[in-house]
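A.B. asks: So TrEMBL lists the following for this protein:
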type	residues	note
BINDING	K7, F8, G9, G10, T219, D220, R230	ATP binding site
BINDING	T44, E121	substrate binding site
DOMAIN	2-276	domain 'Aspartate/glutamate/uridylate kinase'
DOMAIN	312-359	domain 'Aspartokinase ACT'
DOMAIN	378-434	domain 'Aspartokinase ACT'
Amino acid sequence: MKMNVLKFGGTSVGSAQNIRKVVEILSVTEKPKIVVLSAMSGVTNLLVSLNQASIDKDSAQITNVLEQLQAKHFEAIEDLFTAENQPETKAQIETFVAALKEIATGGRTLTTYAELVTYGETMLTWMFSKFLDQEQVENVLLNASTFMNVGTVENPNIDTVSEALLPQLEQNPSQLYITQGFVCRDERGSLATLKRGGSDFSATIIAAAVSAAGVQIWTDIDGLHNNDPRYVQETQPIEHLTYNEAAELAYFGAKILHPQTVAPVIDRDIPVWLKNTFEPSAPGTKISNEYHNRGLKAISAKDGITAIKIKSNRMLGAHGFLRTIFEVFDRHETSIDMITTSEVAISLTIDDTSHLKAIMTELSVIAEVTVEEDHSIICIVGENLIADHESYKAFGILNSIPVRMIAYGGSNNNISLLVPTREKISALQYLNAQLFQLEGAIA
Ligand SMILES: Nc1ncnc2c1ncn2[C@@H]1O[C@H](COP(=O)(O)OP(=O)(O)O)[C@@H](O)[C@H]1O
Ligand SMILES: N[C@@H](CC(=O)OP(=O)(O)O)C(=O)O
C-alpha cells in the first residue's frame with residue numbers, strides 16, 4: 001500500500017484546540033501515512049531570536065525567550081493532557097528547554113543556528129506523538145535528522161533520503177508515522193535547515209523518497225488563491241494548478257508554499273493538495289500534471305528585489321558581453337531573477353544582496369552600473385500564457401502601474417513585472433480588479 005504524506009503548518013499545530021483538529025483529520029484520512037509537522041506558530045521566530053541572543057551573549061534575553069517557549073508548550077499540555085500525564089510531559093519540555101539553554105550559552109559552532117531553530121519541530125512532534133499515545137492512536141515518531149540526508153538544499157538527493165528512511169519504516173511498521181519538517185542534513189552530514197517555511201519542502205522530499213501516493217499540505221486557508229489574500233480582498237481559491245504554475249507562484253512570493261516545494265514531485269508525478277485544517281471539506285487546490293483550464297490563473301509578489309542596470313557602449317554589436325556579466329554574478333554565487341536587454345544596456349534583478357558590493361566593484365570596471373533597491377516582482381501566472389491571446393489584455397492595463405521592467409516569453413507560464421515595493425499593494429489590487437473581477441475579465 002502506498003504512503004500518503006500529510007504536512008501540517010505552524011498555525012495548524014499552534015494551540016491545543018488546533019492540535020485536536022489535526023488529530024480529527026488524521027482519523028478520517030487514508031492510511032498508511034507519514035505526518036510532517038512544523039513547530040507551533042511563533043516558536044521558530046522565538047528560536048531565531050534565541051539564536052540572536054546567543055550571538056549577542058545576552059543572557060537576560062536568552063532567559064526571557066526560553067521562558068516564553070516553555071510557557072507556550074505548557075499551555076497546550078495543560079489543555080491536551082490528563083492531570084496524570086501532565087507532569088511527565090512537562091518534565092520532557094523542561095529537558096528540551098534545558099538543552100536549548102546549553103546550546104545557546106555554549107560556544108558557537110557552524111551548526112548552532114540549525115541546532116537551535118529546529119528545536120520547535122522536535123518539541124512539537126514529541127508532544128503530538130505523546131498526545132496520540134494518550135488517545136490510544138498507534139503511532140511511531142521518526143527523527144528526521146536520522147534520514148533527511150539531502151546533501152544540498154538547492155538540489156536535494158532523494159536517493160540518500162530513501163536509503164535511510166525506508167529501512168526505518170520497515171523496522172517500525174505502522175499506519176501512522178510522525179516526523180519533523182524543516183530539519184535536514186547537508187553535504188557534510190551536519191544538521192541544517194530547509195530554510196524558513198521549509199516543512200512543505202520536507203513533505204515533498206519525503207513523498208518522493210517513499211514514492212508516495214500523494215502529498216497533502218494542510219494550512220489555514222482553503223488552497224492557493226488567485227492573489228495574495230493579505231493584500232487583496234475577495235480572492236478566490238484555485239482548484240487546479242500544474243506543477244509549473246505552482247512552482248512559479250511559490251518562487252515569486254505565494255507564501256502558502258515554500259519556493260522549492262514541487263521540485264521533488266514533478267518528475268515522479270506525485271500530486272500535491274493544499275487543504276484547510278479549519279475547513280477540511282473545502283476542495284482546496286490540487287497541483288498535478290493535469291491541464292484543466294488555460295490562461296491566467298493567479299498573481300503573486302516577491303519583495304526585497306534589487307534592480308541593477310548595466311550600461312556600456314561595448315555591447316553595441318559585440319558578442320561575449322553578456323557572458324562576461326553573467327560570470328561576475330556566477331563568481332559571487334548570486335542568482336538572477338529577471339533580465340531584459342537592449343543594444344546598450346542590461347537590466348536585471350537579484351534578491352540576495354550579500355555580495356552586491358563585490359559585484360558592483362567588478363562590473364564598474366567594464367560598464368556604468370546603477371542600483372535601485374526596494375523593488376518587488378509581481379508575477380502573473382497561467383498555463384500556456386504566451387499562447388493565450390486573452391493574456392495580451394494584461395498589457396493594456398499596465399499604463400496605470402509604474403512598471404520598471406517586464407519579462408514575458410522566458411517561460412510559457414508567467415509575465416513578471418518589476419515595481420517599486422511602495423506601489424506593490426495598489427498594483428496587486430488593480431491587477432486583481434482588472435484581470436479577475438471586471439466584466440469580461442480574463443480568468
Ligand atoms: N496566493 C495565496 N494563496 C493562499 N494563501 C496565501 C497566498 N499568498 C499568501 N498567502 C498566505 O499564506 C498563508 C499560509 O502560509 P503559511 O503561513 O506558510 O502556512 P503554515 O503556517 O501552514 O505553513 C495564508 O494564511 C495566506 O495569508
Ligand atoms: N517552523 C519552520 C518551518 C516551517 O515550514 O514552518 P511553517 O510550516 O509554519 O511555515 C518555520 O517557521 O520556518
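For all residues, glycine too, the Cβ spot is worked out from N, Cα and C.
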A.B. asks: Where the criterion is a Cβ under 6 Å from an atom of ligand 2, which of the binding-site residues G9, G10, T44, D220, R230 meet it?
C.D. replies: G9, G10, T44
A.B. asks: Consider only the binding-site residues K7, E121, D220, R230: which of them have a Cβ under 6 Å from an atom of ligand 1? Write none if no residue does.
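C.D. replies: Those binding-site residues that pass the cut-off, since their Cβ is under 6 Å from ligand 1, are D220, R230.
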A.B. asks: Tell me the Cα distance separating T44 (substrate binding site) from G9 (ATP binding site), rounded to the nearest angstrom.
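C.D. replies: Between the alpha carbons of G9 (ATP binding site) and T44 (substrate binding site) there are 12 Å.
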A.B. asks: In whole Å, note down how far the CA of F8 (ATP binding site) lies from the CA of T44 (substrate binding site).
C.D. replies: 15
A.B. asks: Write down the Cα-Cα distance for F8 (ATP binding site) and E121 (substrate binding site), rounded and given in Å.
C.D. replies: 11
A.B. asks: Let me make sure I understand the structure: which of the binding-site residues listed (E121, D220) has the fewest other Cβ atoms within 10 A of its Cβ?
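C.D. replies: Fewest other Cβ atoms within 10 Å, among the binding-site residues E121, D220, is found for D220.
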A.B. asks: Using all protein chains shown, find which of the binding-site residues K7, R230 scores highest when you count other CB atoms within 10 A of its CB.
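C.D. replies: The most densely surrounded of these binding-site residues is K7.
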A.B. asks: Using DSSP with the three-state reduction, classify T219 (ATP binding site) as helix, strand or coil.
C.D. replies: strand
A.B. asks: List the residues of the same chain that sit at least 6 positions away from F8 (ATP binding site) in sequence and have their Cβ under 8 Å from its Cβ, in sequence order, or write 'none'.
C.D. replies: V22, V35, V36, L37, S38, W218, T219, T277
A.B. asks: What are the DSSP helix, strand and coil residue counts for the domain 'Aspartokinase ACT' (312-359)?
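C.D. replies: Tallying H, G and I as helix, E and B as strand, the rest coil: 18 helix, 12 strand, 18 coil.
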